[in-house]
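Structure in structure tokens, see below.
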Amino acid sequence: MKRGFRDKATRRCSTRVRRQGSAAIEFALVGPMMILLLAGMVVYGGWFWLAQSVQSLATEGARAAVGGLDAAEREHLARAFVTDQADAAAGLDPVLVTVSVTSDAQAIRVQVTYDARTNPVMLLAGPLPKPPALIERSATVRIGGY
């Protein structure tokens, strides 16, 4: 007995529906992993952005301090620069920035610490392993001479 047109059309249609169903199942298996991967890229990318901003504050604060005549003025210049620029730096809350300045006769060291726990990017981590909450960066600049 010959198969009719209707049997072929029904078979083609049911094959297409089965393929669409398998794509949905594959996405259900792969989708959550892809979403976690995307969230990880956003969270760690945001953390690296914050870390780079903190490093930039420390470096520029140390460079600004070189102009001071004595240790007290250098410390004041470094702290003032970091606190002023923390407000302008992208994504940093100036209240959460702490500055430590140490100097001797040859160099000045500026250490900037930022608490990133409450940063909106860090709150996206969810079940992902989180990067360190405290970001500490420092910079040392030689005072005078070559």
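Just so you know, glycine gets a Cβ as well, placed from its N, Cα and C.
According to TrEMBL, the record shows the following:
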TRANSMEM  21-50  transmembrane segment
DOMAIN    21-63  domain 'TadE-like'
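Let's see these features in context: how buried, what's close, how far.
Among residues of the same chain six or more beyond the domain 'TadE-like' (21-63), those with a C-beta under 8 A of the stretch's C-beta atoms are 78-79, 81-82, 85-86, 89-92, 97, 99, 101, 108-114, 116, 119, 121-122, 124-128, 130-131, 135-141.
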As a quick check of your reading of DSSP, tell me how many residues in the domain 'TadE-like' (21-63) are helical, how many are strand and how many are coil.
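Per-class counts: 43 helix, 0 strand, 0 coil.
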